[in-house]
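Asker: So Swiss-Prot lists the following for this protein:
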ACT_SITE  26  active site
ACT_SITE  74  active site, proton acceptor
BINDING   26, 199, 213  Mg(2+) binding site
BINDING   26-31, 39, 43, 71-73, 75, 77, 194, 200-202  substrate binding site
BINDING   213  isopentenyl diphosphate binding site
SITE      69  site 'Required for continued chain elongation'
SITE      137  site 'Important for determining product length'
């Protein structure tokens, strides 16, 4: 990984104004098919794009980068592909976490990791522990994650508090639920990028992207490079975020 010198992020936002980027990394399989290879080949190529994206984010003032690596629906893929993805996950943790740590990146895995085998769960625990004190980019890997699952697990936590008598139902509001979903302690997601040409969210961060800008590109994930990332940030910088409001001075919209 080619990262800059480690230092805490500045309080001053970068020119693009984007603090938290989330990426739906789509197109590995189609990329592999174009090369006449099996899908696992595309996933390995996609891992190189992850390195580029992490490096770019860390070097360009982004506070948090969230990558959709494995959805809760991906278990429905062929068993051979799922197995290859799990092995790639273990390999990536083993090969990259020390580099992430050296470059002050904090790694977090969001999702229901209980379904993973004990070997992968242990790798996740050690990787998160190693980087927990880092103050640079926060890299969130969404693994066995679904936006609906995230909301449900948050609601269950609140329901348990009500059942225990520690919370009244009428005390529950959006902010309270927000404190019980993944990444609640981070800046809200500003920008969602989806590669691969599809124009849908695919059950990703449904709560967290309520006011995010969406950016879709036909570029397949293994081909997504620094120039593509910069293009997405430039598009974001040129948008006017209204958060449900109207344009300044526009009383007719």
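Even glycines carry a Cβ here, placed using N, Cα and C.
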Asker: Could you find out if DSSP has residue 137 (site 'Important for determining product length') as helix, strand or coil?
Answerer: coil
Asker: Which whole-number value in Å describes the distance between the Cα atoms of residue 213 (Mg(2+) binding site) and residue 26 (active site)?
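Answerer: Each residue's Cα considered, residue 213 (Mg(2+) binding site) and residue 26 (active site) end up 18 Å apart.
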Asker: Could you measure between residue 77 (substrate binding site) and residue 137 (site 'Important for determining product length') for me? Cα positions, answer in whole angstrom.
Answerer: 32
Asker: In whole Å, how far is residue 69 (site 'Required for continued chain elongation') from the residue listed as 'active site' when you measure between their Cα atoms?
Answerer: 9
Asker: I'd like the Cβ neighbour count for the residue listed as 'active site', meaning other Cβ atoms within 10 Å of its Cβ, all protein chains included.
Answerer: 23
Asker: Using other CB atoms within 10 angstroms as the count, which residue among the recorded positions 137, 201 scores least?
Answerer: 201
Asker: Which of the recorded positions 69, 72, 201 has its Cα closest in space to the Cα of residue 137 (site 'Important for determining product length')?
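Answerer: Checked the recorded positions 69, 72, 201; minimum Cα distance to residue 137 (site 'Important for determining product length') goes to 69.
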Asker: Counting other Cβ atoms within 10 Å, pick out the least crowded of the binding-site residues 39, 199.
Answerer: 199
Asker: Counting other CB atoms within 10 A of each CB, which of the recorded positions 72, 74 comes out lowest?
Answerer: 74
Asker: With Cβ-Cβ distance below 8 Å and at least 6 positions apart along the chain, what are the contacts of residue 29 (substrate binding site)? List them in sequence order.
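Answerer: For residue 29 (substrate binding site), the qualifying residues are 39, 42.
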